[in-house]
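These notes are about the structure you will find just below.
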Amino acid sequence: MKIGILSSGGDCPGINATIRGVGKTAITHYGMEVVGIHGGFSGLLNKDTEVLDEHSLSGILNLGGTILGTSREKGFREMLTSVDQEKSQCILQAYQELGLDCLVCIGGNGTQKTTNLLSEHGLNVIGLPKTIDNDIWGTEITFGFDTAVNIATEAIDRLHSTASSHRRVMLVEVMGHKAGWIALYAGMAGGADVILVPELGFNPEVVNEAIRERARKGKQHSIVVVAEGVKLPDKRKATDFLMKEIEEATGIETRKTVLGYIQRGGNPSPFDRNLATQLGGYATELIANRQFGQMVCVKDGAISSIPLAEVAGKLKLVTPEHNLIIQGKRMGISFGV
Ligand code: F6P
């Protein structure tokens, strides 16, 4: 069999470990041919590819980013305009012309949706979930998340000492537009005093009171972790608003740190390397068994798969019943509501 592999959407630590997991298993165990497609779906459109062999798959396990490159090009949409129709047709054609028996798509929510559309149009596809945001429905965890949480936690750890020395409130903005998984996990692991996630929203007075209450107990510094997707009712970003609001309401000097792309760059953690390797290996098993139209996932702690049709268009969000939230509340951590 000849399989194509591409990475699409924002990059994240562990993509190369996945490419290696798919590629090496496909070549060594199953005797398949592996073609790497450059720059996501735009590479497929332009048939911009390279043969991946054991040599090109060596030395990439611990590398951040993706050796194949990535793009936000969707390539295949529901047939909306004539341009979309043309592009979609080109994708189907490129798949045939490259002589692929299966296309493996590594990506986030958007990519899983596109991969499902390709499946509906008759291509043999497998989806591999990747994102630091951990918000892909149908899998308990995505690779990249653990690395991002490690980076954010280390940053919060470091902010504690400077916050305490200066008796300041430190606002830390972490990634997560719709889902607050990084804020929740890094906030709890970093001992934050207030954690705000988009799913729960927030009341500024509750945040201010949590900080005042700490001050009354003699704790003049506080750490507030905010997911970038937390917004005010008028859609303004909460982080920008809270800087001024907290300082004015509590009288405590307030500073902010935006972690940004640092959370997405660099080497994957050992956990993410092993997760990515196993997900990649499982993808080849599905291909060998001709079980297409599936996304590889983690279910009940084991590597498994789920039909792409079940995943497409959904998001996995933090719920108020999450154990870290319940436990956090019991310890006096404020979630802003
Ligand atoms: O990888 C997910 C994510 O990091 C989001 O949390 C973030 O807001 C977004 O990607 C930004 O990515 P880009 O600027 O590459 O579109």
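Yeah, the Cβs are placed from backbone N, Cα and C, and that goes for glycine too.
Just so you know, TrEMBL annotations are computer predictions that nobody has curated.
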Further ATP ligand in TrEMBL, beside Arg72, Glu73, Gly108, Asn109, Gly110, Thr111, within candidate set Gly10, Gly14, Gly21, Gly23:
Gly10
Between the Cα atoms of Asp133 (active site, proton acceptor) and Met175 (substrate binding site), what distance do you get, rounded to the nearest Å?
7
Which three-state DSSP class does Arg255 (substrate binding site) fall into?
strand
Using a 10 Å radius around each Cβ and counting other Cβ atoms from all shown chains, which of the recorded positions Glu73, Asp133 yields the largest count?
Asp133
Record lists Gly10, Arg72, Glu73, Gly108, Asn109, Gly110, Thr111 as binding ATP; longest Cα-Cα distance in Å?
13
What three-state secondary structure does DSSP assign to Asn109 (ATP binding site)?
helix
From the binding-site residues Gly10, Arg72, Glu73, Gly108, Gly110, pick the residue whose C-alpha lies nearest to the C-alpha of Thr131 (substrate binding site).
Gly108
